[in-house]
């Protein structure tokens, strides 16, 4: 700042010296000429020349003196001001600094803390088709997949029943979070509650803690862990939307369960995985998804009852390894369209027919299954089977139980009505 002021002062002096000096000299010359005229013109030329010399030296002294008398105080004042301003620049200029965000990651990363505490107990479940093999590897192809979690160190795993049963000519494999893979056997199944346990022959596994679903509140944070679309170790988060969603509201007439509803992102492959609270405890088993933001989990309190009964059967030596009834295999996971679910679907999609009042939503089709071969796709709505109106999932099971070789199915795909033919596999 001081250097800038000195430069400006030098420029000012250069500009003002010549014109100012010229004006001062002209003024002095005129004054001297007037004085000599008043004394008369009788003087000789030598005296006039002397006077003229004196006047010239006089106006020179008068011009430079005027310039420096004006400029020196000004320059000194400007220089002092510049020094003072430069020395107090920090005081004159307000300091604005961004608010420090350091430490926020550790303070608010509660989701990461949950995953770190219980994520190792979550497993990926694959159902291998023993009749079809990969061309390059020669290994059985994957017919379907799901999730589960370890509940005992000696290899007991909890999952959904629909993940592992009603799939003939298949075998079950479990992949742990560390990448190890083991064959698994089905120990206990409850198709009514859609729960099952698997066993792998390994010990010392990390175990998921089981919490209490009865203490949950709507709006409470939860974390869904699993393997959606075969992507292992996937984490999504959301809140509990409802704690008492009756199975009748979902069209599941053969079940007496009050489901947990959550908006945590859940999709195909999440089935059987844990829904965890912020204490790292499983408070539900992810079971089904209706649409984005609407998913359901089986409450862990209901699961505990199933596990207690299964433990009693194992003590008596009557575990259900093969004792569950095997139905004709179609290869879909479905959900009854209740009025509430229909309203939600219509509000979220413009492709839903306004006159649709009931039906069954196909939300998963197993690759290579009869349904897949027949042309069914996720999102299709089944309205009729063999010319009979379908109002809920029980009607589909009844159609399978009739034993007819082929099923003539009418579906809605968006707003378009279509016909497909499926030949279910016998057990």
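Counting begins at 1 with the first residue displayed.
Note that Cβ sites are derived from N, Cα and C of the backbone, with glycine treated the same way.
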Of 46-66, 67-87, 88-108, which span is tagged transmembrane segment by Swiss-Prot?
67-87
Name the residue range among 8-32, 33-57 that Swiss-Prot annotates as region 'Disordered'.
33-57
What does the structure give for the C-alpha distance between residue 194 (active site, charge relay system) and residue 271 (active site, charge relay system)? Integer Å is fine.
10
Summarise the domain 'PDZ' (330-415) as counts of helix, strand and coil residues per DSSP.
24 helix, 25 strand, 37 coil
Given a 10 Å Cβ-Cβ cut-off, pick out the one of the active-site residues 162, 194, 271 that has the most other Cβ atoms nearby.
271
Whole-Å Cα distance, residue 162 (active site, charge relay system) to residue 271 (active site, charge relay system), is 9
